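To keep things clear, I will list the structure first and then write my remarks on it.
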Amino acid sequence: MEKAAGFPSVGGSYPQKNAEILSSQYGINLFLAGLLLTFAWAVHAVGISKSHLLSYLITLMLIQLLWMLWYLCRSCTQRRLIRDKDTHAGARWLKCGITLFAVITLFLDSFKIGYYIDFSNCLSPTEGIFPVTHAVHTILQVYFLWCHAKDIIQSFKTLERFGVIHSVFTNLLLWTNGVLTESKHQLNEHKERLITLGFGNITIVLDDHAPQCNCTTTTLCSIFSQGIYYLYPFNIEYHILASTMLYVLWKNIGRKVEHHQQHKTPFKFHGITIGMICGLIVLTSTIAIVVVYLIQIGRSKIKSELALTMFYLHAIFVLALMCTAGIVALLIYRLEDRSLDNSKNPARKLDAELLVGTAAGSWLLSWGSILAIICAQAHPKYTWYNLPYSILVIIEKYIQNLFIIESIHREQEKVNDDIKTLRIVTISRGSTLSLTPSYKEIYNGRAARDSREVPCLYKDSICGRENGGGGGAKEETSQENRSVMRSASDFSFYSRNSVTNNKRRVLKNIAAFLFLCNLSLWIPPAFGCRPEYDNGLEEVVFGFEPWIIVVNLAMPFSIFYRMHSAASLFEVNCKT
């Protein structure tokens, strides 16, 4: 009987498991086909042009638009139904972040449309259709994520799995296309910088991105062509964030929800002044370093070497501070005895996997630099700063990952049971019993200063009686109340609570500091300040083309790691 009763539920899970496997395989094949098409265009394969790649991406976006419209219409017709929600998914700050990136992406699309209009005589029509489709896709997708990122889909599950996974890999392909386009632009500038550093013997044929016709308005064309590449970092972050939110939605399809979900934890600036000030100093100095770097690099050999030295010294100082802050936070965790939350949570699991997975990109570049420094025959002075920089990058990510992953898995501290059961009553002149505002007023002595009111603790017996006894009874009651006040101030849980608050304050300041530091370290590679390109030593040891391939593969993950770490640290700050 037990087997027979259990058999239908087991058998019923197979179709959903098969749908999950089939949809994931569909998405992977969709992505691999687009990735191969992107690679073929990048290496100028015979018969493959940019219009073929853009046509493929336009088709994928149109299919996703149809699915999102169908889902939104179906949701409107069923809006009165109570649906399960995953409170861990689609946090408000994450939605605000993706909205900001989406707005900047719309500016990028408008620049592309203007660029196409100016060069319409020699550009393919797909280069005009693509930004228009992408703008519509961006607007609808952001609206979809704002409204439905927390949904746990329980109907049309097989169809929805294919629709969501299609959206995930469409965004990944758009991310890949943005990374490739931005990398090819960086490669052109990189070759010019290497020549100024004395590496003129490196030869490679670079792409010429200029259209083969004249621009109708030269000034506008220059603004559009230069502005596009400064906006690409935001477009890249937008698509990777969208793909992660959609992936969590896909993992939540058909999920059984535990209804003791986590309560909302809003971000507060109170108590993190030190961390914010230190972080803002790092952020300001990083922006200044990036501006000077981009101005000086490539001007002359001396200026380029000074720019690289300045970058390395600043980065070494910042990374050393981040390592110290992370170690202090981990030591505080070791001193606390708090259990970890091991409940099933797709969003939290994805966060941890992305942290470790994307950190591998930076680790690959760092180990390549360390190996190049060891094996190189000639060492310009500025290259020696690359050694401590590369070592600190490895150590800092290792420590930061431990801190973030443990933080997001720690259970939130519950209020002490003694505090919850504490009852405070007063004996007023009017012979009535009333509650004081809070137990903290006892310690502050405020209740004692209230007119003719004497605070006491109400636990197992009545603290006082109505005013009707003799004067001796009143005096005895007053003495008892004073003794209760003295003993209340010495409660051990109050001192423990004070120590806990101090630890929390330190942790919140560390999280705020690391949050701003990660934003600071995201800026240099995202806006073209990449010593891995400009150092030159790695190209000599590994060869120009092999090292450029390694950098182009690893750099996008390194850039995403910083933004994802900043987002995770923001969540840690809210949770602590």
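From the backbone N, Cα and C atoms, a Cβ is placed for every residue, glycine too.
Per TrEMBL, transmembrane segment is recorded for 26-47, 53-72, 93-117, 129-146, 229-250, 271-295, 311-333, 354-379, 506-524, 544-561.
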Restricting to the same chain and to residues at least six past its boundaries, which positions have a Cβ under 8 Å from a Cβ of the transmembrane segment (311-333)?
278, 282, 285-286, 289, 293, 382, 385-386, 388-389, 392-393, 395-396, 399-400, 402-403, 406, 410, 503, 506-507, 510-511, 513-514, 517, 520-521, 524, 529, 531
Of the stretches 26-47, 53-72, 93-117, 506-524, 544-561, which racks up the most C-beta pairs under 8 Å with the transmembrane segment (271-295)?
506-524
Leading stretch by Cβ pairs under 8 Å, where the reference is the transmembrane segment (544-561) and the options are 93-117, 129-146, 229-250, 354-379, 506-524
354-379
What parts of the chain pack near the transmembrane segment (129-146), using Cβ distances under 8 Å and only residues at least 6 beyond its ends?
54, 57-58, 61-62, 64-65, 68-69, 71-72, 90, 95, 98-99, 102, 105-106, 108-110, 112-113, 116, 167, 174, 238, 242, 245-246
When each of 26-47, 229-250, 354-379, 506-524 is checked against the transmembrane segment (93-117) for Cβ pairs under 8 Å, which one has the most?
229-250
Positions on the same chain near the transmembrane segment (506-524), where near means CB under 8 A and six or more residues out:
271-276, 278-280, 282-283, 286-287, 289-290, 293, 311, 315, 318, 321-322, 325-326, 328-329, 332, 400, 403, 407, 530, 559, 562-563, 565-566, 569-570, 572-573, 576
Long-range Cβ neighbours of the transmembrane segment (229-250) (under 8 Å; 6 or more residues past either end)
23, 86, 89-90, 94, 97-98, 100-102, 104-105, 107-108, 111, 138, 141, 145, 148-149, 151, 153, 161, 164-165, 167-169, 171-172, 174-175, 178-179, 181-182, 185, 346-347, 350, 354, 526-527, 556, 559-560, 563
Grab the same-chain neighbours of the transmembrane segment (26-47) for me: Cβ-Cβ under 8 Å, and only residues 6 or more beyond its ends, written as numbers and ranges.
53, 56-57, 60, 162, 165-166, 168-170, 172-173, 176-177, 180, 184
